[in-house]
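To keep things clear, I will list the structure first and then write my remarks on it.
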Amino acid sequence: MLKVIPWLLVTSSLVAIPTYIHATTEVVVNLNVKHSVEGKSEFERKNHIKLHSTLNDNDWQGEEDKLKYMMEELDVYFGRDNGGTVWNFNQAIEDPANIGYADPQNIIARGQAQRETNWGQNKSALHQYDGRGDLMIGGQPRAHYLGNTSPCCGGSAWQAKGGDAVGDFLGQYVNEFFRSAGDPVTKGHLAPVYFEVLNEPLYQVTDAPHELGLEQPIPPIDIFTFHNDVADAFRQHNTHIKIGGFTVAFPIFEQREFARWEERMKLFIDTSGSHMDVYSTHFYDLEDDNRFKGSRLEATLDMIDQYSLLALGETKPHVISEYGGRNRPMENAPWSALRDWWFLKTASPMLMQFLSRPDSVLTSIPFVPIKALWGTAADGTPYNWRLLRQQKEAPNETGENWVFTEMVKFYQLWSDVKGTRVDTFSTNSDFLIDSYVQNDKAYVLISNLTEQAEKIVVHKYGAPASSQPTTRIKHLYLKGAAPRLMKQVMRQISKKSRLLLKRLW
């Protein structure tokens, strides 16, 4: 039996209310009944409480105190890097003996310099955080699909010879720019675990080809056969990294009576499913009715699983390499706390849904880069999604120093959660409920998916009869025009607790 005394309620819409208020929904937490899915029952923080960044990210320079806070106090992990593959592909030299392909000797030399000098010596202060999370890397349509290199410093550009040449480079890149298993940390950054062939390719080359200077859209089938060529060439050099695609930007499968499904995800599974180790998808709630959290997200993953089983005879795991919330009318404006809230109010419910599939969702990464200077607009407007902003960006603040945006509250909300998953259920299907037990502590997670406040009763069973636990509540909600993370302590809480879940909208 699990011994449970203290417990923590974590949600983005939870407050305590007096016990005389009648509740419309009941939630049950069985603290001594383990909940296992295909043998998976542990909360894997390193796979889900992640930043869209790596230790190699130059944004950490000068912000070592913030890196330490994220790693040591909030227990956050890495991460995803789609920039290193672009920069190093652009600097690669063409092989004079094999036109259209990168020179292997140049890859080896530059990789050694990156591993042993840039990482091993220049970034030795970061080695203490080595191995925090499974790294994901990937290609980009402009650099890798178009394949025309753009070197700095007077280098000569050359045209890659299709997916085979790109996969050949990327397979060697992983082998040479990262250390081998068993090597000391001074020999390079830990090698990635996942490789996405292209990031959101159909958005960039099919839906908005003008953004890449293309006159006509590229049909999806061309992108999918490119995936196959890259994967096959990559595996000539490396077979232990999981390859994924097609990194769907907007999985709106039901559009035009599911014609979009037929033309895209179904076609991808038919064409490239056998070449992939994982399926890669992005999920974002928008400011209108185009939202995924809740049943739509479940249906989207179910459709992929079911058709994969029908077409290939097997399902494949998922990697969710970006997720969160957006308010597009606010995206061309300066930073605001309210815009960050649109991200925050979606992130936790989506994470809870990913956690409910521990056997199939291998990792999920909220889209939170660090400074994201690479995304600054031509008019100087900073990138929307960032962990850090400059002081001068907020009203009534001045200064050039970098401080946390409101997005840090996602990590503060989840900072304590860990342990073994236990049984929970609710009488209301519009509530997400989950719970984990670690030693003598229980962590209870509740999220309200409805558009109105909901009263609930939480019943907990399985704690020792003599225990008089202390309950800490973390409550992330919108107050005025800014997110607020409230922390509250309740002592000697009864086995039946009456609460109010506010609406998220």
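Note that the numbers count up from 1, one per residue, in the order the chain is shown.
Backbone N, Cα and C atoms are what each Cβ position is placed from, and that goes for glycine too.
According to Swiss-Prot, the protein carries these features:
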ACT_SITE  Glu200  active site, proton donor
ACT_SITE  Glu322  active site, nucleophile
SIGNAL    1-23  signal peptide
Glu322 (active site, nucleophile), number of other Cβ atoms within 10 Å: 21
Cα-to-Cα gap, Glu200 (active site, proton donor) vs the residue listed as 'active site, nucleophile', nearest whole Å: 10
Secondary-structure category, per DSSP, in which the residue listed as 'active site, nucleophile' falls: strand
The residue listed as 'active site, proton donor', number of other Cβ atoms within 10 Å: 22
